[in-house]
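Notes follow the structure.
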């Protein structure tokens, strides 16, 4: 593997090998990360990257598209079958571009959109002021009830009635509960808005049938194809409305993108095929079991979990009672081979660059084959680290760092990731 890279560019080869080692021997708990199969990785690294294919299958602006047409057609048909959609666009380069395409297809610059506040669990592209969505459109953010820390649907309705948005966005990047899509659609219909659901985080759960399918209520659904779907980095747009599908297609190309990434689209097709298996369904069930178990273990150790738990693949830990910042916790854990990300919590008092919480997700460790027993062990190790942080920079007592680093390595060796499947690389 990578023998040609080693010959041509030793510096990048070093990057590849060291990143492989980091993934192989570290505990990945960032909720938006996962480990793609070698089938997906091989497809992304194929000669399909050489092919320009502006347009759509059978309607290209270039010749020689016979086989990339086939790849995209497979991706489209599999996406439609997987999620029960009548129309699918597999060309978005990312979830952000999928969201941008929907906004520009259904609204005009200056129109009002509603999305969950970033500080309450939303995403940058749902209207954050620093993002294109917050610059192009008038944004009315909604949030969670500060008592229950779940979406305040009455407040969503009140804001919608007051501001009459063109689009209401449901979904988030740090929201652990199942969203009431039916309630959102009722609110959207009441004010004549489109309902767009961004299911980037929980698409894998939807594909496995263990999470409500937003297509039952949404006018249009966007997603990424990595995260819980465990595919290549990319975007996806689904709808059952032919007019919306036509508008979205025109907005993706020629609106905001040129040539599609055919090597990634083919890898999406592989990902969708993998997601149709019974093995994938069992995997997703275990992802949720693991998240629930780990959240419970944190609660046993005196940590406060935002909203009291989780229904999905992730949860937020409020570190305020432990007198440690999210930034310090992230640094401390990383020094021991455990990766999480600092995250704001509802009613946050600190800067998002410091934050009062950490976000934890179980998709990646579950891909390795870990189950509830390992979640208990991981929670115990995290608690040990966070109980021995000596300063605001996340410095951990040396003896604790050494102990936990050793335990992390041993745990990862019990659940190999890629090292028993690839040849020619010593890790």
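Along the chain as shown, the residues are counted starting at 1.
Cβ atoms are placed via backbone N, Cα and C, with glycine included.
Taken verbatim from Swiss-Prot:
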| type | residues | note |
| --- | --- | --- |
| BINDING | 118, 122, 123, 124, 351, 352, 353 | (6S)-5,6,7,8-tetrahydrofolate binding site |
| SITE | 226 | site 'Plays an important role in substrate specificity' |
| MOD_RES | 227 | N6-(pyridoxal phosphate)lysine |
Among the (6S)-5,6,7,8-tetrahydrofolate-binding set 118, 122, 123, 124, 351, 352, 353, as the record gives it, the longest Cα-Cα distance in Å: 16
List of residues, in chain order, with Cβ under 8 A from that of residue 353 ((6S)-5,6,7,8-tetrahydrofolate binding site) and at least 6 apart: 327
Residue 123 ((6S)-5,6,7,8-tetrahydrofolate binding site): tally of other CB atoms within 10 A of its CB: 24
Binding-site residues compared (118, 124) - highest count of Cβ atoms within 10 Å: 118
